[in-house]
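For reference, the structure is listed below as structure tokens.
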Amino acid sequence: MTITPQHLIALLPLLIVGLTVVVVMLSIAWRRNHFLNATLSVIGLNAALVSLWFVGQAGAMDVTPLMRVDGFAMLYTGLVLLASLATCTFAYPWLEGYNDNQEEFYLLVLIASLGGILLANANHLATLFLGIELISLPLFGLIGYAFRQKRSLEASIKYTILSAAASSFLLFGMALVYAQSGNLSFEALGKSLGDGMLHEPLLLAGFGLMIVGPGFKLSLVPFHLWTPDVYQGAPAPVSTFLATASKIAIFGVVMRLFLYAPVGDSEAVRVVLGIIAFASIIFGNLMALSQTNIKRLLGYSSISHLGYLLVALIALQSGEMSMEAVGVYLAGYLFSSLGAFGVVSLMSSPFRGPDADSLYSYRGLFWHRPVLAAVMTVMMLSLAGIPMTLGFIGKFYVLAVGVQASLWWLVAAVVVGSAIGLYYYLRVAVSLYLHAPQQPGRDAPTNWQYSAGGIVVLISALLVLVLGVWPQPLISLVQLATPLM
């Protein structure tokens, strides 16, 4: 296949981030300079984000048999790049107090974001596997970056071992699918399934095993056991990336697979996914009730949020509204998570041992950091799905597609799960306004709102509120990505 200039334009985000990886690597080899390498990383990610405009002008196309660039890919590439940018921004002040090598952090984030972009453009099971591995391998190092802390190292080892096992299941499942269908391309798989192969035992077994890989990365029950420990043990900026970019990219590629290859047409697959969604929603919310560590709480709540998204995925065959629901929900989840983890990062900067992740550390925050407390309140309300926030719009969409597809038991699970979630999110919000403890703990810098991380947190809060009241710009953007499939 001949690569034309149009193909190169379509691959601009991937090429720019790849070039940035090389430049940062050479910069580290030449001279260690934290500010220089952080700046190069942010410039590269911003350039990749701007290049999406040129990609849009080029139109949808199959760049290679492995990759398709279209509106869908652009939307998810943009979300991954935004999450990566926020991670680098939150990491800079955190790393200022870090005594070991600082620069490699940005290199690992860039490589992981490269994997996320690859997943957003994936059109083949080989690309899916490569993308998942490319996003996972740097996370092994990022999670254990504060390696002098026992819980960070423990979290990294847990994630590494379990991730390797999940990847093995994914690869074995792909082998079974290939053995039955003779194809790994999403479109070719769609044709094979359309020819009546969907009920072949080998194919069903293959897809069943393949669920384990993405299910692990998305923290879905019963593949969720790593989530609370890793969220708690990982540095706050890494938890930001883990909760946003990683999950958005992987959910995006799973949805594209379901669009091309109508796996959801199989009643057996739908029942299995329905049980996973139901269990994730209920279990995630119930376990979050008793948490006193904010990062663990957000870890358990992420299990339930991915359960909500799975409802929209199951309803995908019922209409295009499911794609719209997933896009809007993921955007709301991205900005809400960036804000919540951003506050934790600001409270934990610079690196001074364990993060400020205990709920007690935030007690009475309003009385000395009122704006930061207001931002955290907005994020908790959005994650809870309270009206006038972007989280409510996303949750409303999920309920609407659930009703449209007559998934009544899952709709009931979403309603019950949201009611349970309201309690623990409000518990965090209320603690911000209680009387401050006699001995103050960790605190954000006095001028936090003027730092790059503070600006990202404030913009996230503003977007959550503005798009919660006036969601039409976001809905229009997501709708633009839908017809190009």
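In case you wondered, yes, glycine gets a Cβ from its N, Cα and C as well.
Pulled from Swiss-Prot:
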type     : residues : note
TRANSMEM : 8-28     : transmembrane segment
TRANSMEM : 35-55    : transmembrane segment
TRANSMEM : 71-91    : transmembrane segment
TRANSMEM : 105-125  : transmembrane segment
TRANSMEM : 159-179  : transmembrane segment
TRANSMEM : 203-223  : transmembrane segment
TRANSMEM : 235-255  : transmembrane segment
TRANSMEM : 271-291  : transmembrane segment
TRANSMEM : 297-317  : transmembrane segment
TRANSMEM : 326-346  : transmembrane segment
TRANSMEM : 408-430  : transmembrane segment
TRANSMEM : 455-475  : transmembrane segment
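The transmembrane segment (271-291) and the transmembrane segment (203-223) are in contact, since at least 3 Cβ pairs between them lie under 8 Å (pairs 6 or more apart in sequence).
The transmembrane segment (235-255) shares more Cβ pairs under 8 Å with 105-125 than with any other stretch in the list 8-28, 105-125, 203-223, 408-430. Taking residue pairs at least 6 apart in sequence, the transmembrane segment (203-223) and the transmembrane segment (105-125) share fewer than three C-beta contacts under 8 angstroms. The transmembrane segment (297-317) makes contact with the transmembrane segment (326-346): 3 or more of their CB pairs lie within 8 A, with pairs spaced 6 or more apart in sequence. Beyond its flanks by at least six residues, the transmembrane segment (8-28) meets 36-37, 40-41, 43-45, 47-49, 51-52, 54-55, 57-58, 61, 63, 67, 69, 77, 81, 103-104, 106-107, 110-111, 113-114, 117-118, 121 of its own chain at Cβ-Cβ distances under 8 Å. Residues 75, 79, 82-83, 86, 90-91, 93-94, 236-237, 239-240, 243-244, 248, 251-252, 255, 294-295, 298, 302, 305, 308-309, 312-313, 355-357, 372, 375-376, 378-380, 382-383, 389-391, 393-395, 397-398, 444-445, 448, 451, 453-454, 456-457, 460-461, 463-464, 467, 471, 474-475, 477-478, 481-482 of the same chain, all 6+ positions outside the transmembrane segment (326-346), place their C-beta atoms under 8 angstroms from a C-beta of that stretch.
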